[in-house]
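S.K.: I have a structure here, written as structure tokens, and I will follow up with some questions on it.
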Amino acid sequence: MSARILVVDDIEANVRLLEAKLTAEYYEVSTAMDGPTALAMAARDLPDIILLDVMMPGMDGFTVCRKLKDDPTTRHIPVVLITALDGRGDRIQGLESGASDFLTKPIDDVMLFARVRSLTRFKLVIDELRQREASGRRMGVIAGAAARLDGLGGRVLIVDDNERQAQRVAAELGVEHRPVIESDPEKAKISAGGPVDLVIVNAAAKNFDGLRFTAALRSEERTRQLPVLAMVDPDDRGRMVKALEIGVNDILSRPIDPQELSARVKTQIQRKRYTDYLRNNLDHSLELAVTDQLTGLHNRRYMTGQLDSLVKRATLGGDPVSALLIDIDFFKKINDTFGHDIGDEVLREFALRLASNVRAIDLPCRYGGEEFVVIMPDTALADALRIAERIRMHVSGSPFTVAHGREMLNVTISIGVSATAGEGDTPEALLKRADEGVYQAKASGRNAVVGKAA
């Protein structure tokens with residue numbers, strides 16, 4: 001996974017070392033030797049991640065980080081502060097400045113690439129969310145999901161047989177999050193399938209294999225996307241590498257530093273929240289794309305795609321497909337007499353009656369205006385005619401109540417019915433025959449059903 005990384009340090013040897021390591025892993029690297037240059041490059045180039053040394057003359061890393069986070073152009077870019085080994089105060093100040101994470105000198109390669117990979121994935125989600133929100137603003141849709149999702153605590157499952165360590169982690173997280181401790185990996189798997197935002201697992205647990213537990217989470221559909229942080233001893237490089245290979249999102253080096261814990265937990269929970277929002281938003285967008293907003297039925301676009309595949313299957317020897325084309329009688333008169341708001345009420349009520357009188361396998365759609373279509377898979381013409389007659393009677397049998405009960409309208413419909421005719425038939429021909437049936441039904445006085453054989 002490649003990314004564009006800006007490395008900022010006033011010591012050239014440090015810059016060149018990081019540049020060489022990152023370039024060898026196919027990252028695109030740019031460099032700056034001071035704060036003002038870094039700010040200008042960040043605003044101009046919009047890198048994916050910024051690695052920023054704390055101790056720089058003139059403008060230190062904290063000031064640079066604050067300025068990046070104050071600028072709407074760059075505030076979304078994750079910043080990793082590079083601190084001294086004993087820099088607890090630096091990490092506290094870094095969090096206050098808006099840093100996403102930390103690296104400690106001397107920089108360990110495994111931790112460097114774990115941090116970069118984790119934040120690169122996070123940045124991809126941020127970019128997608130920002131793009132969706134920009135599109136929403138252009139379309140006049142209320143945006144601001146990222147702001148609403150930020151700052152929300154999460155439910156964190158701590159899987160650890162070291163009770164003292166688990167309690168310490170839970171105490172650190174308890175102010176902002178809702179930690180739950182589980183020492184039994186089998187019970188933890190069940191818990192992970194529930195409303196959990198993050199799992200923290202002891203990769204070096206004595207009574208169970210933490211890496212095997214993580215692999216099991218990744219193999220299950222319901223927990224595959226769940227973020228996992230692994231607690232690993234800093235000198236256990238083999239376990240670190242293996243944890244990352246099997247799908248751990250990031251590493252927590254023991255003993256656990258409270259600021260690093262806070263930063264890493266925040267990043268993973270934010271990423272999950274953003275991803276869940278995007279996934280739900282996509283599902284909603286897909287639903288909107290195939291749904292008529294007035295009636296709640298499928299729209300013409302969706303109907304066309306489904307009809308194409310059903311007719312193709314029928315012409316290749318499958319069961320017949322029938323189509324009902326329905327037109328509300330004198331609908332223009334309803335609009336002209338009572339207004340378009342009442343007309344919309346009639347359309348919504350008709351859609352409810354239509355949907356309640358077709359089978360689960362049928363596809364009722366709004367075709368346009370006052371025209372509706374029902375696609376009926378595996379249905380011969382005679383069966384479709386019976387269903388069409390039932391719909392007609394259900395519509396005409398009782399008045400439509402509109403205008404909050406102040407008006408009662410008698411509504412009737414004309415229905416044309418057709419069915420596929422075997423090899424050579426097309427969706428267009430099927431609907432054309434149904435349309436001819438509607439024309440004949442109206443010519444005969446309306447409130448009628450007419451079938452049209454091929």
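Positions of Cβ are set from backbone N, Cα and C atoms, glycine also.
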S.K.: Among GLU345, GLU349, GLU370, which residue does Swiss-Prot name as a further Mg(2+) 2 binder in the site formed by ASP327, ILE328?
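M.R.: The candidate from GLU345, GLU349, GLU370 that Swiss-Prot ties to Mg(2+) 2 along with ASP327, ILE328 is GLU370.
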S.K.: Consult Swiss-Prot and report the residue, out of ASP10, ASP53, ASP329, annotated as 4-aspartylphosphate.
M.R.: ASP53
S.K.: Do you know the DSSP helix, strand and coil residue counts for the domain 'GGDEF' (319-454)?
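M.R.: So the counts come to 57 helix, 36 strand, 43 coil.
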S.K.: Just jot down the residues in the same chain as ASP53 (Mg(2+) 1 binding site), at least 6 apart in sequence, with C-beta under 8 A of its C-beta; none if empty.
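M.R.: Result: VAL8, ASP9, ASP10, ILE11, ASN14, GLY61, LEU81, ILE82.
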S.K.: Under a three-state reduction of DSSP output, how is MET55 (Mg(2+) 1 binding site) classified: helix, strand, or coil?
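M.R.: SS state of MET55 (Mg(2+) 1 binding site) = coil.
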S.K.: Let's see if you can do this one: DSSP helix, strand and coil counts over the domain 'Response regulatory 2' (155-269), in that order.
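M.R.: So the domain 'Response regulatory 2' (155-269) is made up of 50 helix, 24 strand, 41 coil.
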S.K.: Which residue counts does DSSP yield for the domain 'Response regulatory 1' (4-120) in the helix, strand and coil classes, in that order?
M.R.: 56 helix, 24 strand, 37 coil
